[in-house]
Amino acid sequence: MQKKYVVALDQGTTSSRAIVFDHDANIVSVSQREFTQLYPNPGWVEHDPMEIWASQSSVLVEVLARAGIHSDEVAAIGITNQRETTVIWEKATGKPIYNAIVWQCRRSSEICEQLKAQGLEEYVRENTGLLLDPYFSGTKIKWILDNVPNARAQAERGELLFGTIDTWLVWKLTEGKVHVTDPTNAARTLLFNIHSLTWDNKLLEALDIPLSLLPEVKPSCSVYGTTRIAGEGSEIQVAGMAGDQQAALFGQLCVEPGMAKNTYGTGCFLLMNTGTKAVRSNHGLLTTVAVGPKGEVNYALEGSVFMGGATIQWLRDELGLIRDASDTEYFASKVADTNGVYLVPAFVGLGAPYWDPNARGALFGLTRGANRNHIIRAALESIAYQSKDLLDAMTKDSGVSLKRLKVDGGAVANDFLMQFQADITDVEVLRPSVCETTALGAAFLAGLAVGFWESVIELEHKACIDKHFIPNIDAETRVRLYAGWQDAVARTRA
């Protein structure tokens, strides 16, 4: 039977999805299932790894059944995943010894402080491209080994395996035959040297983590093993995987130095491909691994904003100013400007490039004439201002002045926001026809790995732009508006 489709498994923080793409990179079928968020203590976030697997495997069955697709027609399955989330399981039984510790979880803060006290901060920055923060997997692994009874003894005996979610899914799909990750996920563990592309012995020693725990690192665009859907039908190749933000970068075909994308979700993630050069950031960004045009390792600068779409949820849920996120475009367009109002949504501090956990949200510039529309508009504009903060930092670090920004995520449907993003950055903003770019990136990697598609050049002919947003304000206005934003940010940090 002819191979007509590629399936992407998109394992996210709140739901597991499966998306089928045809040879023209069109979406054929989608299935999604949410799973339980666990909060056992303040600042702790966990998932049940078995529930993640159950939700992911069930949507895989469902997405094919819904479209009437036979497993013989599927060329490959690609994987993209929430990054940093940590699972440890028994090699012999496949049973997790503890819940997955999620990227958002802050329980390992004390371990990070111990590493800082040992003088490891600069070594971590130089060799992993990351900051010493509980966000990343390494300190989560140490916490499990230190706190789960008998875990360290089992690990020393080589009886346990660690994986980020990509590794866990491949292990389950291949029925325990394959223990593997890719460089984009490995680079988020705090244990991977992004220059030598190997596990870092000094950091393993500092965290007391046995090497036997860790997966083999294979290219993002390669075949890892095979699986059968629900144990039935013909074998399908599991091929191609990347962490969610790097998958989106590849899905947008940002495979050359200086190409960048911004994902507008709960927060915003802006990544710029820097090619074969790992650029050290002096402006609060992370240096991370990306995927090049032939599936090889490239590097990227990454900046994250904590409050993107979450700011709009706040308008809806806490202030009751809107009923639906889509209402914001209508209300924001009813006024010519914000009437001098700025919203700095530092509800949980500020992310890149400030990294200020103590900053708090604030509204500035309120006068008697300020109304609901001005506040809603200021909330939308805050997303674009924060993205400009990241872009400016990237320009300073890389020396590359961006001309075009590719965008994806839920908020890109908002034309007002996209136009203001173009205006305030003085950069053309490109919105793709298929906004599921994270899943598309996983599908592209899988399809390229098995020859379903020949090259990135072929994929470029399939990538359609829905709309171009061209900068439409003068330089003087741009400078004045952004100066107001910078002043507002400074005051939230005072």
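Note that Cβ sites are derived from N, Cα and C of the backbone, with glycine treated the same way.
The following features are taken from Swiss-Prot:
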| type | residues | note |
| --- | --- | --- |
| BINDING | Thr13, Arg17, Thr266, Gly309, Gly410, Asn414 | ADP binding site |
| BINDING | Thr13, Thr14, Ser15, Thr266, Gly309, Gln313, Gly410 | ATP binding site |
| BINDING | Thr13, Arg83, Glu84, Tyr135, Asp244 | sn-glycerol 3-phosphate binding site |
| BINDING | Arg83, Glu84, Tyr135, Asp244, Gln245 | glycerol binding site |
C-beta crowding around Gly309 (ADP binding site), within 10 angstroms: 18
Binding-site residues compared (Ser15, Thr266, Gln313, Asn414) - highest count of Cβ atoms within 10 Å: Asn414
Least buried by Cβ count (within 10 Å) of the binding-site residues Thr13, Thr14, Glu84, Gly410: Thr14
Neighbours of Arg83 (sn-glycerol 3-phosphate binding site) among the binding-site residues Thr13, Thr14, Arg17, Gln245 (Cα to Cα, within 10 Å): Thr13, Gln245
Additional residues around sn-glycerol 3-phosphate, ordered along the sequence, whose Cβ is within 8 Å of the centroid of Thr13, Arg83, Glu84, Tyr135, Asp244: Asn81, Gln82, Thr85, Trp103, Arg188, Gly243
Shell list (glycerol; ref centroid = CB of Arg83, Glu84, Tyr135, Asp244, Gln245; cutoff 8 A): Gln82, Trp103, Arg188, Gly243
Assigned conformation of Thr13 (ADP binding site) - DSSP reduced to three states: coil
Structural state of Asn414 (ADP binding site), classified by DSSP into three states: coil
Number of other Cβ atoms within 10 Å of the Cβ of Arg83 (sn-glycerol 3-phosphate binding site) across all protein chains: 25
Packing count at Arg17 (ADP binding site) (other Cβ atoms within 10 Å of its Cβ): 23
Cβ packing number for Gln245 (glycerol binding site), 10 Å threshold: 25
Among Thr13, Ser15, Arg17, Gln313, Asn414, which are recorded as binding-site residues, the nearest neighbour of Gln245 (glycerol binding site) by Cα: Thr13
